[in-house]
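For reference, TrEMBL has these:
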- 22-117: domain 'ULTRAPETALA1/2 SAND' (DOMAIN)
- 133-233: domain 'ULTRAPETALA1/2 zinc finger' (DOMAIN)
Amino acid sequence: MHEVQVDYSEALFLEPQLRAMDGFRRPAADHIQVNCGCTSKRFGDCVGILKVHSSGQFLITCHCNACDSSRAEQFTPYEFEKHARGQQGNGKWKSHIWVAVDGKKVAMWRTELYKYYKHAANGASGCVRRQFHRDEFIPCSSCGKQRRFRLRTKQLCRVYHDALLAKSSWKCADRPYDSRITCGDPEERGSRKKYRGCPRASYCRGCTICSCVGCLICRFVDCGCRNCTDFMQNANP
């Protein structure tokens, strides 16, 4: 007697509220897509496309200016909230990530989408997570103040990488972000420096999740430094 395989995906995502969400699409039976965003008081709205799978996996493709539009870089909800809010990110993505329903921003936990979320499908035992890079600091060669570098994308990793190579002569004025600083700007408080952006623990000092020893995001084929050269020669194709 043959066992009959039943696919229950067709019975999912039928709630009327889902179709009222901005950007609602159902490219396949096992997942839907909607537009989403996360708002920061400092940076404004960071928007993206949320893909909700029948397995309970949530993946967000970010469309902010800092992300490379040519690469489909995907975040878990936790990572997206950290990416969008920076230092303001505190892990409460269910409240901070929103979708637009009938033209109004509605927190994720208030929508019909949230009931499809499964923690196991978004952790290490579920989807393959991208390598996470915690924030790093470089001291100014002039004033000695420690300045933070966020390594959330390949472009941001390159900014830190180039600054690290020029560490002996790097100055506050060389920081290439939109918010320029000078040696006269105050240094971050010690209590704030403890927050390095690790998704595992706020005060993490470096673990296997946030401390990367080399990957295609933080190593560069056009760089001639020893770390990049060794990685490119020995990395698996």
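Cβ coordinates are placed from backbone N, Cα and C, and glycine is handled just like the others.
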What is the average pLDDT across the domain 'ULTRAPETALA1/2 zinc finger' (133-233)?
85
Residue counts in helix (H, G, I), strand (E, B) and coil for the domain 'ULTRAPETALA1/2 SAND' (22-117), per DSSP?
24 helix, 40 strand, 32 coil
